[in-house]
Each structure stands twice: as structure tokens, then as C-alpha cells.
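One structure is given below, encoded as C-alpha cells.
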Amino acid sequence: VLSPADKTNVKAAWEKVGSHAGDYGAEALERMFLSFPTTKTYFPHFDLSHGSAQVKAHGKKVADALTNAVSHVDDMPSALSALSDLHAHKLRVDPVNFKLLSHCLLVTLACHHPADFTPAVHASLDKFLASVSTVLTSKYR
């Protein structure tokens with residue numbers, strides 16, 4: 001459960017991400033594909049090379065979903081319901097992949113905003129991404 005301080009930290013961190021969200025989403029996906037090659041199996045139709053338009057487009061989708069989650073941090077289950085259905089019933093993504101992408105997002109954010117990535121912000125973002133992952137996997141059951 002996100003505390004009021006966590007919510008404040010997440011909103012402040014995401015505000016700093018701003019217009020770079022799509023780029024950071026794509027970078028996190030690239031990082032995930034390189035670090036955890038098994039995740040590529042969900043994207044057999046993608047050009048997974050560095051700078052790929054398909055990876056950039058999907059990175060923007062990831063970033064847009066996270067922006068939506070930040071905007072609706074008090075009601076993420078409703079805000080992410082359609083996305084949860086998509087990943088659980090149509091795409092059938094292994095839930096562990098959300099944790100892997102979350103880790104890669106944290107690394108990406110830390111690389112781009114080292115001064116802002118304090119232990120408290122890191123912990124808040126980690127809790128937030130874990131909450132998003134929980135919501136996205138809630139319909140697997």
C-alpha cells in the first residue's frame with residue numbers, strides 16, 4: 001500500500017520524467033530485452049534492435065499506462081482494468097515479466113535522474129511499480 005509520502009514521491013518523480021516518458025519506456029524495454037532475453041518471446045514480430053520504431057512505440061504505450069496509473073494512483077484497478085484484461089487474457093504475459101520491466105524502469109530512471117533518485121524515491125517508485133504489477137496480474141486468477 002502506497003503511503004501519502006510514497007504518492008507524493010511518485011508524482012514528483014513522474015513529473016520530472018515529463019516529456020521523456022516514452023523514451024525512458026523504450027530504453028527500459030531495450031534494457032529488459034538485453035538483460036532478460038526470454039522476454040523477447042512476447043515480441044516475435046518486433047524489430048528489437050536499438051532505436052527500433054516498434055520498441056519506441058511500445059515504450060510509449062508503457063509510459064502512457066504508467067502516466068495513467070500515476071494520475072489515478074488512488075484507483076489503479078479501475079484505471080488499468082482494460083490493460084489488465086489485455087495482458088491476462090489476450091497476450092498471456094508471464095507475470096514475472098512485469099517485475100523484470102519494473103526493475104529496468106527503475107534502473108533507467110536512476111540513470112537519467114541520479115540526483116533525484118534518493119533512497120526514499122527509489123523505495124516509493126519500487127512500491128508503485130509493484131502495485132501496478134499487482135493490478136496488471138490481478139485478472140490472471
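Heads up, residue numbers simply count up from 1 along the chain you see.
Placement of Cβ uses the backbone N, Cα and C atoms for every residue, glycine included.
Going by Swiss-Prot, these are the annotated features:
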- HIS58: O2 binding site (BINDING)
- HIS87: heme b binding site (BINDING)
- 1-141: domain 'Globin' (DOMAIN)
- SER3: phosphoserine (MOD_RES)
- LYS7: N6-succinyllysine (MOD_RES)
- LYS11: N6-succinyllysine (MOD_RES)
- LYS16: N6-succinyllysine (MOD_RES)
- TYR24: phosphotyrosine (MOD_RES)
- SER35: phosphoserine (MOD_RES)
- LYS40: N6-succinyllysine (MOD_RES)
- SER102: phosphoserine (MOD_RES)
- THR108: phosphothreonine (MOD_RES)
- SER124: phosphoserine (MOD_RES)
- SER131: phosphoserine (MOD_RES)
- THR134: phosphothreonine (MOD_RES)
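Each residue of the domain 'Globin' (1-141) gets a DSSP state, and the totals for helix, strand and coil are 114 helix, 0 strand, 27 coil. Between the recorded positions LYS11, LYS16, LYS40, HIS58, HIS87, HIS87 has the most other Cβ atoms inside 10 Å of its own Cβ, all protein chains included. For LYS40 (N6-succinyllysine), the nearest of the recorded positions by C-alpha distance turns out to be HIS58; the candidates were LYS7, TYR24, HIS58, THR134. Most Cβ neighbours within 10 Å, among the modified residues SER3, SER131: SER131 holds that distinction in the structure as shown. Within 10 Å of the C-beta of THR134 (phosphothreonine) we count 14 further C-beta atoms, all protein chains included.
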